[in-house]
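Step one of this worksheet: look at the structure below.
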Amino acid sequence: MEGVDYLADERKKAQFDLDAMKIVWAGSRHTFEISDRISKLVASDPAFRKDDRTMLPRKELFKNTLRKATYAWQRIIELHLSEEEAAKLRFYVDEPAFTDLHWGMFVPAIKGQGTDEQQQKWLPLAYKMQIIGCYAQTELGHGSNVQGLETTATFDPKTDEFIIHSPTLTSSKWWPGGLGKVSTHGVVYARLITDGKDHGVHGFIVQLRNLEDHTPLPGITLGDIGTKFGNGAYNTMDNGLLRFDNVRIPRDQMLMRVSQVTREGKYKQSNVPRQLVYGTMVYVRQSIVADASCALSRAVCIATRYSAVRRQFGSHNGGPETQVIDYKTQQSRLFPLLASAYAFRFVGEWLKWLYTDVTQRLQANDFSTLPEVHACTAGLKSLTTSVTADGIEECRKLCGGHGYLCSSGLPELFAVYVPACTYEGDNIVLLLQVARFLMKTASQLGTGKQPVGTIAYMGRIEHLMQCRSDVQNAEDWLKPSVVLEVFEARAARMSVACAQHLSKFTNPEEGFAELSADLVEAAVAHCQLIVVSKFIEKLQQDIPGKGVKKQLEVLCGIYYLFILHKYQGDFIATSCISPKQASLANDQLRALYSQVRPNAIALVDAFNYTDHFLGSILGRYDGNVYPKLYDAAWKDPLNESDIPDGYHEYIRPLLKQQLRAARL
């Protein structure tokens, strides 16, 4: 039935102020109001329809994305939207497009690495979209190892030009979004060579296509790399390949904020510190963490609503069957993901603050926090994207067989999200970078150099190596100080153990390679500690709204107790807790699941996602799932006729054949 809210009874159970929780989730009333207004604007515009996306052939799908992206830009201009509002509009359109890389990578690269003159020349064109840019770094043969890129940029002093060249097949640029069919320009990363000397990888602004007819410029080979995982998903994006055959560009198209090549061909560093380029990287990675909370919360919203709608087994005397969400097995899989979505949201907020802080420090030539910030953002990018990718798939399973339908929204959400585990740094490679930082920190303990920021706990290493948890009953696990000390002790002891093992190797790199799996585990422990500590810090703030803080405390408890339960081998093996204390933690975790249950629907309502944005029949706000699934089935192109294409050629001859016994 239309207009019936099948989840209304669930919403009446909420024990907190929903409007206040929506603001907490958004980060501020200002952000909430913008998000609410823009999401409804997109949802109400039929031009942004997306329910047919998974049924379109690739070429039609891509063309439809071009239409939407162009229409979105038109609306941004017509409505005079601010930069923040425009970003929200692109977000709620919810379709990977060339604009993502233009605004998310091309523009920030020029802002971060271009000189004032270069910014004055290129940014106005980019802001008006009179040029469309991409970020051409990854190559067919190299992704994570940026220093191993093979594309060359050789300076020719005779003509005052750089010659951009792809010397090998593996030096072909491969994967940049927007490159395949749309971008007119790219920030291209290549090995800078002057007078026969290789100065490493630098960025260059290169025009790729003719601005009149869009054809590739001479010496440039361009194309799309092909269909990717999923039906619609990232196939709306023209991830591209690019090869250069001795393409010449003016010298002033090298991004020269940090390094410069003079007219005479001399390479020199500017007075701007090279470390400033890390500001852009921190910005991108904090954005990825924020995206993780959005993607995971979408999947959790779908799975939670459907778990309340779906009933299976448990019927007594002809009464209704049991709601799936009431089964403890469902709660133990779903509620930790709900808690993780909130945890990632709050650590993402903190990362925004960290980006502002490190940017201000860099501009003041203060590089003291940079190694810690680099390790922190790398680790959190890895942790949150891995958990989110796995969490989306778990939510699909939590929806049973119907979760496998494209109309559930979950297969496409997974296909769109999962590349986050590899782009902007492969997740395992990033964790190994964190581990190097931890090992360096461990090696400096006792030298008088005090660890700072997220690594400050290592300054209390003697205490953390000796302390034992004094948890006596399940409720003790609700004390933040108890929890933090246990997580700090586990992280510190795992790092120290790795450092001790490493010290036994005469060749440190050989040791690092041999112990890499252990080092990754130590890095994960450190990153989980960061998320737990930031969630607890959030609870220490003034949080308005009836019952809001209480619910956040419950979610925080579920987040850290689930980790403690899942990784109890680490906690027990490092003697941070006893098996009995681990059992008490699990008892408390079950108790917290029961406290979340009445509030589950309201907690996902707090995300404030429209049905259009969720793109899921299973996750509909009104819970009217089954009639909509039935209606959607008939919209599939296969159901346009009762007799399928191919019947007369294949099925009828098969049915009408005269069967004879075959002699094998």
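Any Cβ shown, glycine's included, is placed from N, Cα and C.
Remember, predicted model here, so these are calculated numbers, not experimental data.
Copied from TrEMBL, the annotated features are:
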- Glu424: active site, proton acceptor (ACT_SITE)
- Thr138, Gly177: FAD binding site (BINDING)
- 18-132: domain 'Acyl-coenzyme A oxidase N-terminal' (DOMAIN)
- 134-247: domain 'Acyl-CoA oxidase/dehydrogenase middle' (DOMAIN)
- 278-439: domain 'Acyl-CoA oxidase C-alpha1' (DOMAIN)
- 480-656: domain 'Acyl-CoA oxidase C-terminal' (DOMAIN)
*If you draw a 10 Å sphere around the Cβ of Thr138 (FAD binding site), how many other Cβ atoms fall inside it, taking every protein chain shown into account?*
19
*Are there residues of the same chain, six or more positions away from Gly177 (FAD binding site), whose CB falls under 8 angstroms from its CB, and which are they?*
Pro96, Phe98, Asp100, Leu101, Cys134, Tyr135, Met237, Asp238, Asn239, Gly240
*If you measure Glu424 (active site, proton acceptor) to Thr138 (FAD binding site) at Cα, how many Å is it?*
10
*What count of other C-beta atoms do you get within 10 angstroms of the C-beta of Glu424 (active site, proton acceptor), across all chains shown?*
20
*Would you list the DSSP helix, strand and coil counts for the residues of the domain 'Acyl-coenzyme A oxidase N-terminal' (18-132)?*
90 helix, 0 strand, 25 coil
